[in-house]
Amino acid sequence: MSSLDEDEEDFEMLDTENLQFMGKKMFGKQAGEDESDDFAIGGSTPTNKLKFYPYSNNKLTRSTGTLNLSLSNTALSEANSKFLGKIEEEEEEEEEGKDEESVDSRIKRWSPFHENESVTTPITKRSAEKTNSPISLKQWNQRWFPKNDARTENTSSSSSYSVAKPNQSAFTSSGLVSKMSMDTSLYPAKLRIPETPVKKSPLVEGRDHKHVHLSSSKNASSSLSVSPLNFVEDNNLQEDLLFSDSPSSKALPSIHVPTIDSSPLSEAKYHAHDRHNNQTNILSPTNSLVTNSSPQTLHSNKFKKIKRARNSVILKNRELTNSLQQFKDDLYGTDENFPPPIIISSHHSTRKNPQPYQFRGRYDNDTDEEISTPTRRKSIIGATSQTHRESRPLSLSSAIVTNTTSAETHSISSTDSSPLNSKRRLISSNKLSANPDSHLFEKFTNVHSIGKGQFSTVYQVTFAQTNKKYAIKAIKPNKYNSLKRILLEIKILNEVTNQITMDQEGKEYIIDYISSWKFQNSYYIMTELCENGNLDGFLQEQVIAKKKRLEDWRIWKIIVELSLALRFIHDSCHIVHLDLKPANVMITFEGNLKLGDFGMATHLPLEDKSFENEGDREYIAPEIISDCTYDYKADIFSLGLMIVEIAANVVLPDNGNAWHKLRSGDLSDAGRLSSTDIHSESLFSDITKVDTNDLFDFERDNISGNSNNAGTSTVHNNSNINNPNMNNGNDNNNVNTAATKNRLILHKSSKIPAWVPKFLIDGESLERIVRWMIEPNYERRPTANQILQTEECLYVEMTRNAGAIIQEDDFGPKPKFFI
């Protein structure tokens, strides 16, 4: 065929395609086409050549041509494209003369994309197919793009739903959380050592601890095995704190300490000590030990010498033994009758203007002992010479409240004339002034922290003159704890301690107030020290840590002692506590309870209508929050929640649904308050464990007269508690099981003495009195006196022989009228 004929055929083909295109445009779209096909190019004639058409307004012309370019490039290697090599193709033989229907069906069956991959241009092995047909492209778009769009919409909707979907667990009421199931790490560890920021010297850590507080360890005994406050702290910590704070201590290693043999002054003092033994107020029992030390040992073990000197201050003032009898007179209104301060004359003094003498504790004695002769005489306030001995005893409060301004007339002993001593005292006083609590080291010994609250810090101290331990609460006013509240607390403590009424019963369950003073911007309240810590620490260490519960007898004793304390402050002092919780209930050496921390307390009726004192939300009464109503019965409500916490071993909530349920009188989340297993580890207890719930149910069923049905009902009711796997059906097996269980209960009941009162084994009396105490309407709650007048409390108070936390077997001691 000639070239002319070929050109004519090509022209006819092009003309045919144009006519088809114009025909579509004139007569409308075919069935199944949309508006996007109006400008489709290419018709149905197979072609593999790039063609340009003179339609400038056709937007798909260039894109279709570009598609033709990519389809015609069959030589492109799969390695050059990360998408081309992943397309799956069907390996089929190409048949000649395949019509348009077969191509469309193949496109419908072809899945060239993997999941989660973007759409790419399909590559086939065909070199000339109807791949640029508008119908094929339309079907291609309809098959794949709607699915991808739908997938994108679903993904976006699900992601937005997951973000906006609330946490469903927030609507689930979990109730009260048992302390048994909680990790012990959630509870704060008891403070065993003082929080001292000073780094200890390695020489101090290697010292011998055999002679530390031998006298105090003899008296350190308790009915409890472990007590937070009875823990004997390492006395070296306070010594390190004060000794290391002084910058002059860095120069101490280079100072030569003269021996006793080479010091004329020490020899004179040593012989003078033998001649005037009855004229001195302080005697050092360790002088003989230090005298026998060699110079090398004395110099290398200087830290040990400080320790010996610390224990060497022993007062021989016999008048101090009578100071406790006259303490109240000396503390309130009799200080002005004291004679003028005594001037201690000293012929060794070389100072022209002696500085005022201050009451010095272990700190001054230790530092002076470090660089001076060990046999020198020490002097503290109240220690007089033979010619100036006074017959009036020295009061405890006057020694404590002594300030630097009021002691200007006292003289310093002769050994304080050293320039280095004066420099050390000046530097140390500047450092101590930075922390007001540091002045306690000058007035007391063995000072260490035993607790820290939101507004205060509590220290345990020892008064050197009487060797008696006290607790000092340091409070610094701030915007959350005003000065007015601090002064009110001191006033209330003073009033409660000195309250003289006809009925003094219950006063022994209130913390004893000793003294108070102000130093710089802080206030200090001195009270008696309860060696066994507080009730909260006892519950954590002796109950929760051992995975057990208190028996009902001790719980009733706690109710009795705290009710006695509340009745005294309510009826005799007209004071409401408003912050009753286990952390504010102290435990004495004998195991009795004492109510302390009157920081939220106030007098009733209120004088200030704007008064707003709220304790912890876990124990606060509902009327205080809702109506700002303050009544004595708010303390009764707090006592009731304390018993719920102690008896059920649960953590009281501070908000939420469980919080509101407790304030509506609902105890369903707490479970049974009476212990279902009252067997204890006491030496007087039998090996057999007694389930008081089964015993009470058995007695109740016998009274009903229908032992079989009632026995079956009893087993059914208690199946969740005693035997969760028991079948709850009503067949003969259950009747036999109930009879067997009743016989077992009879065997167990024989282990319970006949004199045991019913309220200790019925499982209902404790819950009944707790519901009475947490009555939502405060007017229906009992008073402290009404609680004490119940039969249960009268029996407990009449028969108990020990403190509230002391175990007295499972059911308490046997009453004397049964003996």
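Each residue, glycine too, has its Cβ placed from N, Cα and C.
Remember, predicted model here, so these are calculated numbers, not experimental data.
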* Which of these, Lys469, Lys473, Lys479, does Swiss-Prot list as part of the ATP site with Ile450, Gly451, Lys452, Gly453, Gln454, Phe455, Ser456, Thr457, Val458? -> Lys473
* Ser263, Ser418 - residue that Swiss-Prot labels as phosphoserine -> Ser263
* Per Swiss-Prot, the candidate from Ser127, Ser159, Ser391, Ser707 carrying the annotation phosphoserine -> Ser127
* Looking at Ser136, Ser221, Ser675, which one is marked phosphoserine in Swiss-Prot? -> Ser136
* If you check Swiss-Prot, which of Thr64, Thr384, Thr405, Thr501 turns up marked as phosphothreonine? -> Thr384
* To do: Could you check Swiss-Prot and say which of Ser246, Ser294 is marked as phosphoserine?
  => Ser294
* Inter-residue Cα distance where the pair is Asp579 (active site, proton acceptor) and Ser456 (ATP binding site), in Å -> 15
* **Spatial neighbours, same chain, of Val458 (ATP binding site) - Cβ under 8 Å, 6+ residues apart** => Ser449, Ile450, Gly451, Lys452, Ala471, Ile472, Lys473, Ala474
* Structure fact -> Neighbour count check, CB within 10 A, over recorded positions Ser136, Lys452, Ser610; minimum at Ser610
* Over the domain 'Protein kinase' (444-794), what is the model's mean pLDDT? -> 82
* To the nearest whole angstrom, state the Cα distance for the pair Ser136 (phosphoserine) and Ser610 (phosphoserine). => 85
* Asked: Whose Cβ, among the binding-site residues Gln454, Ser456, has more other Cβ atoms within 10 Å than any of the rest?
  -> Ser456
* If you measure every Cα to Cα distance among Ile450, Gly451, Lys452, Gly453, Gln454, Phe455, Ser456, Thr457, Val458, Lys473, the residues said to bind ATP, what is the biggest one in Å? -> 15
* **Three-class DSSP secondary structure - Val458 (ATP binding site)** => strand
